Amino acid sequence: MFFCFRAVTRPVIADKVSRTELVNRTRGLVSSFLLAETSVAKLSKVEELNHHFTEFPSSRIIALKNSHFVCTLLRISERSSNEKLKERSRQCLSILGYVDDPKGAGIRILSIDGGGTRGMMCLEVLQVLENSLCGPKLSDVFDYIIGVSTGAIIAVLITAKGFSIKTCKEYYMQMSKDLFNQGRLSGVSGLLTSHSYYNTKKWVRLLKQVVGEDSALMDSCCRKGAPKLGVVSSIANTPALQPYIFRNYDLLPGRESHFKGGCDFLLWQAIQASAAAPGYFEEVALGPILHQDGGILANNPTALALHEARLLWPNERILCVVSIGSGRSVVPMEPTELKLATGLQDKITRIVDSATDTELVHLAMQDLLPADSYFRFNPYMSSNYSLDEVDSEKLVQMGQDAQLYLRRNRAKIKAAAATLLKKPSVYRRFIRFARHFSNLQGFFLPPVF
């Protein structure tokens, strides 16, 4: 893609570093990188640059003034024989806000709802979709993957770990059984002492075992062709709740998202924050922000994904949006018998159900997006499964509900798979090649202030 920047609006320069010092330090690091002669020296310099850009995001504009900087990173990321250097160069490009063109005929988005252990229904749908691709994994056919709460776990396993859905299911089932098999007494005790029914320390330990204790969000962009990842939480310590997006990318300077977010976090931190459901787990404090379950505000994150994708690829069309739900109940929509009063628990339950409803977002997407590019899969549930369901019979029934739904929607699955596998036109391939060639030669437009 070509580079054209507007002035950065976010204040990101640390108080102890003056503008002049930052400019000189950034120029010095970039020059040292460009002058380094060996792969080992370049690796050391690019790692130093990655740390510098993360600590001082506004320094990215200073670096991008050097016309040879990005094209050198691009050449290294494609041609170097040092695999580690290639990975760190891709990471540096992602921090700078550079993105590769979509791999298919347009932007392909996967959005996964929250829903506790009902995420097994999401995985059943994703398994059939992946099988319909006849070879590629889901991470190979999507450009942007977003998830909230249980969907965040699945999104990270697909994107950052590169797992097949079969492997995701194995990890997911084991995590659910290890976490939610807990005595009522200890749960009530935790609820009273820390507002957390389940053991948060055990939850963190399980996350570290599965995704890695030191694995960072930005590590997941080192693999060539890796999709962009969004993990959604809710900011709890502001006057009004608002979404927060953990990203494995940064946006170009001047392209500001409507939603707060960051990329300087570990994978397990992002998942823990996204799944910190009130009453189930403790809130998560990361820096000045207190995070709660993203499903409180955006249990269906499809709209957030579209917004982010438009910022990343403003000149590409939306080819395919696949939205995966974690099950919906068949409930009567007509008013029941009029009552002057209902129980407090019933009122709270209705409010929570309304706040976490995913179908309203679906209806909006259905009206806004073409029918041949938007695919929503949300199996009907034969029973009201709880978010922490671990009963083996209920889990089997959950899987059967999903399979019944999928048998009835075979044509829709095949249509989604066919759309995902569409190849770009000859004209589109030529445009992308010309754009990439220009970037490699350093002919992109300079930053504009």
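Placed from the backbone N, Cα and C atoms, the Cβ positions cover glycine too.
What TrEMBL says about a protein is an automatic prediction, not a curated fact.
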**Study point:** From 78-83, 114-119, the residue range that TrEMBL assigns the feature motif 'GXGXXG'
**Key:** 114-119
**Study point:** 17-21, 147-151, 332-336, 397-401 - the range that TrEMBL marks as motif 'GXSXG'
**Key:** 147-151
Check your understanding: Quick one: mean pLDDT on the domain 'PNPLA' (110-306)?
Key -> 90
Study note, to complete from the structure: CA pair Ser149 (active site, nucleophile) / Asp293 (active site, proton acceptor), Å rounded to integer, equals 6
Exercise for review: Sort out for me which one of Ser149, Asp293 has the most neighbouring CB atoms within 10 A, since those are the active-site residues we care about.
Suggested key: Ser149
